[in-house]
């Protein structure tokens with residue numbers, strides 16, 4: 001999206017003709033295929049734009065904080081600046097202003113492919129501009145060139161016990177990659193802070209390039225008897241190399257991986273993994289340490305393990321009710337789940353109030369490629385029934401399915417049945433969004449994050465309540 005388009009969008013949202021966003025100068029898509037060169041041109045302009053904005057509007061109040069917000073996980077509290085994506089309760093995620101369907105149409109595809117290449121989304125997240133095919137090809141080759149793992153990380157991965165969770169292995173390996181950090185080395189040598197973003201960029205590009213190798217190594221060691229991941233092919237895209245290293249050769253699975261890695265990449269800045277990387281990065285920890293911390297957050301059952309919980313529930317449902325199930329029996333099963341104090345996994349979202357567009361695009365993929373798969377048919381049947389049951393129950397603010405209601409079913413269909421591994425794929429994808437933002441956080445000089453905390457007694461005193 002050009003800056004002038006973004007400005008018009010912002011002005012429309014804010015309802016102000018003279019909104020600072022509306023004053024942005026027009027910017028054409030950059031012709032250079034080198035992402036760092038494009039950033040070098042964009043960053044000074046954005047620094048000036050934000051400086052002027054803060055000078056004029058820095059004291060403006062943008063919201064109120066309630067006691068419930070402080071006890072309720074800061075839900076709805078506006079407290080972060082996060083550039084790469086915005087989550088709208090009704091529309092879902094927008095990557096630099098573009099919806100998922102728009103990205104599917106706009107972003108370059110692999111030869112003969114129909115799904116967007118994650119490389120294109122990364123370019124969009126970093127620059128705000130939809131890339132050309134040449135620019136996406138440059139990213140693919142750049143990541144292939146940077147993909148090799150240092151020997152100590154390979155040795156580390158090969159010596160992990162097989163009962164160590166894949167996410168623990170991923171986090172540990174990413175932390176160990178910090179030995180390669182350009183930023184950590186440059187900071188120790190006293191590099192000028194105006195150069196921070198350049199070193200963060202180099203580390204982020206290196207880390208994204210290496211993640212499929214780390215993830216594939218974990219998969220092969222745990223589930224394929226330690227067989228080799230093979231070599232990176234510089235003529236293939238990032239997702240294609242990843243699926244090859246995992247050991248999957250079905251072109252449809254590669255297309256699914258392109259879609260999966262694109263749609264799981266970013267979801268605004270307040271979720272656990274994005275906020276964690278932002279917080280840790282604000283201490284000037286390098287991208288390896290920041291992203292490793294984010295992965296520890298993603299490993300939590302309330303964040304990245306949800307797709308695994310969906311499959312466990314679906315498998316249990318099939319076991320209890322058998323193959324084809326009538327709508328009436330399915331409805332009774334859902335009510336039994338709710339009445340026992342449990343939730344229906346894959347339904348509801350902290351922000352969204354309509355069907356997650358990430359669910360919708362996966363459903364469209366399934367309708368095209370696996371319409372008769374029994375598990376997909378069950379998911380489609382649930383889509384017709386669960387929202388109505390949840391509305392009848394009256395507790396759910398959002399009765400609609402989220403991304404996790406579908407992704408595991410697709411992976412299972414193509415033979416990836418190792419549910420413990422699914423969050424690793426989520427983590428590889430999430431690197432695109434949080435590292436794109438980390439580059440901008442350092443370019444814009446965001447300070448150490450340090451909100452004020454209060455005790456319950458302090459809150460009671462503030463609002464005039466008696467603590468006794």
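Placed from the backbone N, Cα and C atoms, the Cβ positions cover glycine too.
Here's what Swiss-Prot has on this protein:
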TRANSIT   1-30  transit peptide
ACT_SITE  303  active site
ACT_SITE  349  active site
BINDING   358, 430, 450  oxaloacetate binding site
ACT_SITE  404  active site
Cα distance (Å, whole number) from residue 303 (active site) to residue 358 (oxaloacetate binding site): 16
Out of 303, 349, 358, 430, 450, give me whichever of these recorded positions has the highest number of other Cβ atoms within 10 Å. 430
Cβ proximity for residue 404 (active site), under 8 A, sequence spacing 6+, ordered by residue number, returns 306, 307, 309, 310, 345, 346
Quick check for the class: what is the C-alpha distance, in angstrom and rounded, between residue 430 (oxaloacetate binding site) and residue 303 (active site)? 12
How many angstrom lie between the most widely spaced Cα atoms of the oxaloacetate binders 358, 430, 450? 33
Roughly how many Å lie between the Cα atoms of residue 450 (oxaloacetate binding site) and residue 303 (active site), rounded to a whole value? 23
What three-state secondary structure does DSSP assign to residue 450 (oxaloacetate binding site)? coil
